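Student: Input: one structure, supplied below.
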Amino acid sequence: MSEEPDSVLLCSVNTAAVPRHELLCIFGTGDLGRSLGQRLLQCGYKVVYGSRRPGSCGSLPAGTQALSHEAAAQHAHLIFICVQREHYDFMEPLAPQLKGKVLVDVSNNLKKNMYTDANAEYLQRLIPGAHVVKAFNTLSAWALQNGPADANRQVYLCGNNAEAKQAVAEIATKMGFSVLDRGSLSAARELEDFPLQLFPGWRLPIRLTIGLTASFFFYLLLRDVLYSYIAQQKDMSFRIMVSLANKVFPIVSLILLSLCYLPGIIAAFLQLYRGTKYKRFPDWLDRWMLCRKQLGLLALAFASLHVLYTLIISFRYYVRFRLAAHTISQIRENKTSPFDTTMAWRTDTYYSMGIIGFGFYLLLGISSLPSVSNALSWREFSFIQSKLGYITLFFCTFHTYLYGWDRFLYPSTYKWFTPPGYMLSLVVPTVVLLLKLLLLLPCVDRSLTRIRQGWERTDPEEESMKSLLR
């Protein structure tokens, strides 16, 4: 992931910058302009629109009016520019009326490097007497309509005039958003690129998921289909669509879930080894920890597919045929299989662990939604994502062990001397759970807690050097 410049949260803002009932102007009557106007009205501001055709600009929020650009600009000190860059030329003749005013550029481009400079920088050159601030471009019309409770809470802004940025920051704060100042107007290019990024935090998790899915699919295809065809002369290719897929989905899901918690354990052991929390983690570990949420959501998606595929097993022709054949065979032989209590316990426990694990899976996924996580305190969110996360991993791992049961004892399990897929899927989660148990030991947990509270282990050589200097 590319490094982003540090952001500054604007907490202390001059509340006198823009009086609550001052008239604000919006150039543009499209979806974004109308949604922005509606939100500003709800926050107590008065709004006027500037339009090329004031008499035929469509339905506007109640309580607003549409004027010509020149008339609207005369009434307001702060103007939101909700039009595309190619239409900025109409503002050049208005330069005298816009002098000294704050122009908030909310535009975005269709693709990166579409122009040699940022839209906000171009607007500043076009109207040199105005104070241009780049802001609100990372919010959609939907986010403005629904507010920060169900959408992104952050508003990035940049500009060359501190007072102009404070005025915009106050408006964004009263609308319920948190404001992040990215510095001067030269950062506008970066802000305009934000909405054009296509799942930047999902690239590594998606590549990993595709790699795991493809690897296990071909591995199981080799064991379950090709082996039957070559060694047993049986055509089992029909198992690819359901049986094979229903093996791949839980395997990938369990590995992805364990990979959500493995970087935290590695980080804990690094802190124990270094004796401090103030040294940076390696870049690969930082990137890994930043994509844990995406890994968890992908794991939940694969677990959900596993549940759906499991529900249709009883409807499959192959399963119904096997059950009917077994029943007819017992009738012909005039015998009945004895009830196996151990098998009953095993299968019931197996299904129970799977259902409970999937229930916790859903809880983890729901709590990661912004609308839910924003309503949780940090302690509540940490409890769900950490402690319940490990409990989920335990149940899902136990579910897989029950699936395998004693199959590892039989040579027929190892087709072409290869272990079954479920055995491979248990390696990473088992390691994660064992290492977590090691970290929970009182002596280890006590040291780790002290380090995370700021304690640092003293280097013996450094301590002896200090004593000599005394």
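Note that Cβ sites are derived from N, Cα and C of the backbone, with glycine treated the same way.
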Student: Looking at the ranges 210-229, 350-369, which is given as transmembrane segment in TrEMBL?
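Tutor: Of 210-229, 350-369, TrEMBL gives transmembrane segment for 350-369.
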Student: According to TrEMBL, transmembrane segment applies to one of these ranges: 7-28, 381-402. Which one is it?
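Tutor: In TrEMBL, the transmembrane segment feature sits at 381-402.
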Student: Would you mind listing the long-range same-chain contacts of the transmembrane segment (350-369), meaning Cβ under 8 Å and 6+ residues beyond its ends?
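Tutor: Here the qualifying positions are 257, 293, 296-297, 299-300, 303-304, 307, 376, 381, 384-385, 388-389, 391-392, 395-396, 398-399, 402-403.
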Student: Sort the residues of the domain 'Ferric oxidoreductase' (251-385) into helix, strand and coil with DSSP and give the three counts.
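Tutor: Across the domain 'Ferric oxidoreductase' (251-385), DSSP assigns the residues as follows: 111 helix, 0 strand, 24 coil.
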Student: Averaged over the domain 'Ferric oxidoreductase' (251-385), what pLDDT does the prediction give?
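Tutor: Per the prediction, mean pLDDT sits at 91 for the domain 'Ferric oxidoreductase' (251-385).
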